[in-house]
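The block underneath contains the structure these notes are about, expressed in structure tokens.
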Amino acid sequence: MYWKNAWWVGTVYSSCEPIELPEGMLISKQYETYPITTVSKAIYKQMCYRNCIPVLNTNVGFVIDTFAKPLPIVSQSWREFTKDSLRGSFAYSVVSIIYAIAVSAVIIWFLTIFVLTNYTIKPSWLLKTSTILSTVYILVVVIKSILILHGQQRDGYLHGAKLLSELNDYNPIQIIDLIVVLLLQINQVQIIMRIFQRQKDKRMALLIGIVATLASQVIWAIAQFYTPADANEASDILPAFIYLVRIAMALCYAAIITVFFISKIQIILANKKIWLLTLLTFILIYSPVAFFVADVSNAFVYELSEIFSVVNYVIGVVIPWEWCNKFNLIMKAKEKEGVLGRRFYEDELYELDRFELFVEEQMPEDEDNGDTHSDSPGNELNGGAHHNSQEQSDRLIGSNSPTNKPHNGNNTDPTSRFRQLLTNTKDAFLTLTDNIIAAGFAIPRSVSVSTQSLTGRYRNNSTARTEYTKEVVPDFSPEMFLQPEGSSHITETLSEQNAAPSTTNSNHRRRNVYVYSRKEVILDVSSDE
């Protein structure tokens with residue numbers, strides 16, 4: 001970044017310039033290899049960062065205090081450097097950077113262990129992979145930091161800015177950082193998808209999130225790994241631009257979760273168990289924004305924010321994921337208290353309707369009883385209502401059923417073939433996204449495209465179980481069908497009206513349906529009514 005590389009450049013301290021020494025003796029620590037010699041004139045060049053900033057000398061207690069005093073010009077430059085609140089204070093020393101790296105490692109390792117040992121609600125494979133790679137990333141950073149500090153100590157100095165510069169220029173760390181941040185940003189998309197309830201909103205969040213994540217990481221990789229031959233404005237603007245893009249994405253992520261908190265504030269306030277977790281989530285999702293504000297006020301914090309960037313992503317993923325788990329448990333308990341259960345949305349209703357879950361199939365009327373049913377005015381009213389519902393269901397099935405779609409195989413019209421191609425592409429894309437949402441992101445739905453894990457007993461065991469004749473039948477206990485005496489005739493009437501043959505051509509459309517739970521509802525209607 002432009003200001004990251006330029007903020008150290010300024011006035012050159014006097015101790016970093018070549019110092020002319022008068023006649024004297026030259027003493028080396030390796031006196032066996034380099035014996036003591038007498039020189040008439042010498043030029044001394046002190047180790048400095050970017051040839052302008054003095055560094056911490058590790059030989060002060062060994063050489064200077066024992067054999068000689070420091071040069072006056074060196075002591076004066078060090079006092080001037082440490083008095084500078086921007087560069088030489090303790091907050092920007094190598095000690096604070098070591099503490100920052102150590103704290104980051106502890107936080108990431110703790111959250112990784114928390115994710116891997118969470119047996120109540122198992123996290124997705126994407127979250128597990130991201131946290132494990134984050135652990136590998138911080139482990140590489142710690143090992144590389146130890147090697148760099150060991151080299152500095154061997155050369156007789158310690159400097160935090162040089163440590164950060166070498167860490168940022170180390171390609172293996174940059175490659176792992178690219179992969180880890182990409183996966184963690186996709187995890188943020190996963191959490192946003194868990195907030196939305198409609199499948200249409202989840203698909204849109206998946207599409208927009210994946211595109212934004214890939215675009216930001218590609219630009220970041222270009223800014224990190226591509227060095228233009230000629231220095232121009234693009235080489236300075238691109239790193240700053242991608243930095244602002246990451247901050248904007250983090251702000252959008254935090255804003256979406258905040259809006260969801262506000263919309264569910266009554267449920268949150270009614271459950272004291274998630275108060276602390278909600279407050280912690282609300283604070284931690286804004287940590288990248290806090291680092292950005294600190295960066296604007298003080299440019300050096302950007303160096304520390306690069307160390308904490310992966311930590312911010314891990315915290316911003318694991319804590320909201322756990323909050324979503326707790327909140328979903330509360331919502332499931334609330335839905336169990338009601339009769340209707342969870343709500344269905346329009347896109348789910350149309351998808352469920354092609355499985356004919358909401359279609360009341362009418363028995364074919366016998367020719368002998370045709371006049372008898374038409375004599376009763378009540379039956380006429382019920383028949384009209386049932387006819388209207390049957391027309392509506394037939395209309396829905398006609399638009400969604402694969403058997404009623406026109407066959408354009410022999411149609412040579414380019415427009416029809418193009419429309420058919422678009423339809424097939426759309427169906428394939430929706431199937432792919434639904435598989436990713438259900439399998440990869442561990443976001444279950446009421447209706448899934450796979451029934452491999454669903455077990456049940458089949459009707460007509462003696463017949464051949466072909467692909468289009470399988471029907472999963474849940475096991476019901478006999479006690480569920482016990483009705484009061486007064487409502488027995490109502491049950492018989494409803495069963496006669498809603499009975500349907502089990503061997504229909506639409507049975508194959510009732511496959512691929514998950515039944516997560518069922519609730520027994522008994523309507524006690526007296527015989528007088």
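The backbone N, Cα and C atoms fix where each Cβ goes, glycine too.
Here is what Swiss-Prot says about this protein:
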type	residues	note
COMPBIAS	398-417	compositional bias 'Polar residues'
REGION	364-417	region 'Disordered'
TOPO_DOM	1-96	topological domain 'Extracellular'
TOPO_DOM	118-130	topological domain 'Cytoplasmic'
TOPO_DOM	152-172	topological domain 'Extracellular'
TOPO_DOM	194-204	topological domain 'Cytoplasmic'
TOPO_DOM	226-241	topological domain 'Extracellular'
TOPO_DOM	263-273	topological domain 'Cytoplasmic'
TOPO_DOM	295-298	topological domain 'Extracellular'
TOPO_DOM	320-529	topological domain 'Cytoplasmic'
TRANSMEM	97-117	transmembrane segment
TRANSMEM	131-151	transmembrane segment
TRANSMEM	173-193	transmembrane segment
TRANSMEM	205-225	transmembrane segment
TRANSMEM	242-262	transmembrane segment
TRANSMEM	274-294	transmembrane segment
TRANSMEM	299-319	transmembrane segment
Could you tell me the mean pLDDT over the topological domain 'Cytoplasmic' (118-130), as a whole number?
80
May I have the DSSP-based helix, strand and coil counts for the residues of the topological domain 'Extracellular' (152-172)?
15 helix, 2 strand, 4 coil
Checking distant contacts: for the topological domain 'Cytoplasmic' (118-130), what same-chain residues at least six beyond its ends satisfy Cβ-Cβ under 8 A?
180, 183-184, 186-187, 190, 314, 317-318, 321-322, 325, 440-442
For the topological domain 'Cytoplasmic' (263-273), jot down how many residues DSSP puts in helix, in strand and in coil.
9 helix, 0 strand, 2 coil
What is the number of residues in the topological domain 'Cytoplasmic' (118-130) that are helix, strand and coil, as DSSP sees it?
6 helix, 0 strand, 7 coil
Quick one: DSSP breakdown of the topological domain 'Cytoplasmic' (194-204) into helix, strand and coil?
8 helix, 0 strand, 3 coil
Mind checking which residues reach the topological domain 'Cytoplasmic' (263-273)? Cβ under 8 Å, same chain, six or more beyond either end.
326-327, 330-331, 334
